[in-house]
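Notes follow once the structure below has been shown.
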Amino acid sequence: MDVPSSRPIGYTWRSSRWFIISTVSIALFIELFLYGFLVPMLPYLFEDRLHKDPSQTQRLTAGILTLHGLVSAISGPLIGHFADKMPNRRTPLLLSLAGCVVGTILVAWSPSLVVLLLGRVLQGIAGSAVWIVGLATAADTVHESDMGKMMGVIMSFASAGIISGPMVSENPQHSSPVYSDNSDETTTLLPSQTQIEPHDASTTFGFWIFLLRDSRVLTALAVTILTTAILTSFHATLPLHTGEAFGWTPRDVGIMFFLLSVPALFLSTPAGWLRDCIGVRLPITISLALHAVFHVLVGVAGNKHFPWTTLQHRGPALYISSIICLGVLRPFVTGVGPVEVTASVRAYEKETPGIFGPRGGLSCVYAMTDVAATSGMTIGPAISGFLRERFGYTSMNSVFRVVYIILAIFAACFLRSK
């Protein structure tokens, strides 16, 4: 008599490494699509729908983006703690994706500022959960030597989400039907994970304290926080600055975000492969140094105090070309935090097996890097909005130049090479 198999249908291929990575990549694509969809719409939402004074647009834009990051940063440690206690990772990933969809519906519908804020809070919590659970699931499937390539593949999908979100939202009347296609597909594709052992809750805070004494981890987290902060400064300042300096429309702004993001779609995987081959130190040090150069050019483009940038169409041309170059450099910086912190944790785990519990603390790793990224999302819009209003767009980018130079020095000193 045949004994029926206890494994569900399709277990073998649904539990394969590349299928799990592909599924997580799709989940992160959806989360970033829904996040990016909002950004070019903010001036329209505040001025036309909510009837706010245009003089308040910069402040409100910075505030709404800051709120998303603040909520994510607060919820991240709790999500990481409970993610390791769940019997599988499929359920929290599905719930977090559903939360992203509902939050975006609230934002797109928002008849009042209260509803808009509620939608952003829900987006922040759910988006943080997608990243933490998704990256922990993917990291469980790959060896340390392949972490760079894995992060490269995932970041390619994430970049596609960031690109397509603002492009779809260029026209405000697209703001209602954008959610319908993807959720059911991801629900169907999500693999049934094997049961996991709960992580000992008493080790969670010790995990954080232990790792935050490591200079390599601190440097990786600093790079994550500050580069994310500067990246989100574009969300808070680019639409208003380009509208004032060049008279650009929301469609033009969407194209700028496209140019900033599309290189990562093609370069994230090669950048990950390069990290696996030669280590993180050299690529990120060079990239950070070049970021400093191009932020200077972005800041002076179209500034009347620099006449050579305002002749004929030189200002817009210089701005566009600098944005493209920053987009090309981004893949060599993005993902460094998760790769380096994971490598550090696995090195400690190899020296002292079980030091971080039976699951190796991967959910806590990605909670830590998610808190770093969302902290950057919190401070970025607030600081950039303040600097632009008080000192101007050129001075703001000069501050960013100094930050990138300092980060390049720390990366050269503390990050690993092969």
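Any Cβ shown, glycine's included, is placed from N, Cα and C.
Given the structure is predicted, the values throughout are model-derived calculations rather than measurements.
What TrEMBL lists as domain 'Major facilitator superfamily (MFS) profile' is 20-418.
According to TrEMBL, the feature transmembrane segment maps to 18-40 (among others).
What TrEMBL lists as transmembrane segment is 60-80 (among others). The list of residues near the transmembrane segment (60-80) in space but at least 6 beyond its ends in sequence, with Cβ under 8 angstroms from a Cβ of it, reads 35, 39, 42-43, 46, 52, 92, 116-117, 120-121, 123-125, 127-129, 132-133, 204, 208, 232, 235-236, 239-240, 363-364, 366-368, 370-371, 373-382, 384-386.
As annotated by TrEMBL, transmembrane segment applies to 92-109 (among others).
Under the heading transmembrane segment, TrEMBL lists 121-139 (among others).
The annotation transmembrane segment is assigned in TrEMBL to 217-241 (among others).
Residues annotated as transmembrane segment in TrEMBL: 253-274 (among others).
According to TrEMBL, the feature transmembrane segment maps to 280-303 (among others). A Cβ distance under 8 Å defines the sequence-distant neighbours of the transmembrane segment (280-303), meaning residues of its chain 6+ beyond its ends; these are 223, 227, 230, 245-246, 271, 274, 309-310, 314-316, 318-319, 322-323, 325-326, 329, 332-333, 336, 339-340, 393-398, 400-402, 404-405, 407-408, 411-412, 415-417.
Among the features that TrEMBL reports, transmembrane segment is placed at 315-333 (among others).
Marked as transmembrane segment by TrEMBL: 398-415 (among others). Counting same-chain residues at least six beyond the ends of the transmembrane segment (398-415), those with a Cβ under 8 angstroms from any Cβ of the stretch are 215-216, 218-220, 222-223, 226-227, 230, 233, 279-281, 284-285, 288-289, 291-293, 295-296, 299, 336, 340, 387.
Sequence-distant neighbours of the transmembrane segment (121-139) (same chain, 6+ residues past either end, Cβ-Cβ under 8 Å): 20-21, 24, 27-28, 30-31, 34-35, 67-72, 75-76, 79-80, 83, 89, 92-93, 95-100, 102-104, 106-107, 147, 150, 154, 193, 338, 342, 362-363, 365-367, 369-370, 373-374.
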